[in-house]
Amino acid sequence: MLEYGLAILYALFIWWFSTGLILYLDGLPRRTFSWSMVVMTVIALAALYGLWVSGTDNSMGGAYLSFTCGLLVWAWHELSFLTGYLTGPRRTPCPKVDSFWARFRYASETVIHHEIAIAATAGLMAMLTWGASNQIGLWTFVILWLMRLSAKLNIFLGVANLAEEFLPPHLRYLETYFRRRPLNLLFPVSVTVSTIVTVLILERGLAEGVPAWEAVGAVFLGTLLALAVLEHWFLVLPIQATALWQWALDAQRTRRRKNASVAPGEVEGDDLFQVLPVSAGTTKPAKGIEEAAGISWGTHSPLTRMQSWDVPNNKPQVFPGRGSAPGSLD
């Protein structure tokens, strides 16, 4: 029983720590994103190799290696999304539409490149472990993929807690695709099916006669799936999930507060939005400001819509940028 307890603790720790580390890296200045992705890419490639090697390793070490490699490959996708390198062709707020399917199409366009990349990676991992006895890493990745897809759909349909605190400034436009409501019809299906699968995995893995490494693998997968179910419950219960990774989120807030106290010319990228002063009567930011911050100018510019103050009337004004859709949201 000791090996099962250690496996549960390991799964809990690596899930918690890896999530916090990704949030911490995403909270660093944008100039660090490319280096973070380079390092993470090297790690992911090494993890794919480790996945292939562990495929024929029917030992406790092989189970731990395969599980860890599956998580590391998934971490690459998480970081690539949160840093904005791999999202989708639509990077603007959701237009005002009445049709559910139109809104679904727009929402899909914000993440489709990311989803295609995940599917391609899952296919590659399946090829690397094809016919192998140890496929723990592959199923780790698949569980994370399916449960994250379920969470995205539930947030799109509407839940009480949207977890927008985890979104960095450059992905804030995604909030316009979310819906806040107590519950949606998909949620009970998601948690019920996932809970049943969790029980089946643990029941089969811990059955009499199952090799120790395989049983530990089942504990890894069952624990990970149980954590994913817990994350789903965080979406509807009055619980602050952010408390689990407060150390990473506090680092982001500290950096933004520090940036808010310096001159705009000393701030880069997304931090510019926190402190950029807009003079009275300004209808759009100067093009040079965007260029200095490394931000594209045009339809997909993050600054295509911003708020300024009409000082004489003391009223907020919202101005559409060039190329913005008439019905786009702030």
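Each residue, glycine too, has its Cβ placed from N, Cα and C.
Annotated in TrEMBL:
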type	residues	note
TRANSMEM	6-25	transmembrane segment
TRANSMEM	32-52	transmembrane segment
TRANSMEM	64-86	transmembrane segment
TRANSMEM	111-130	transmembrane segment
TRANSMEM	136-162	transmembrane segment
TRANSMEM	183-202	transmembrane segment
TRANSMEM	222-248	transmembrane segment
REGION	304-330	region 'Disordered'
COMPBIAS	304-316	compositional bias 'Polar residues'
Could you check whether the transmembrane segment (111-130) packs against the transmembrane segment (183-202) - three or more CB pairs closer than 8 Å, residues at least 6 apart in sequence? no
Residue numbers, six or more beyond the limits of the transmembrane segment (6-25), whose CB comes under 8 Å of its CB atoms: 32, 36, 64, 67-68, 71, 75, 78-79, 82-83, 166, 216, 219-220, 223-224, 227, 244-245, 247-249, 251-252
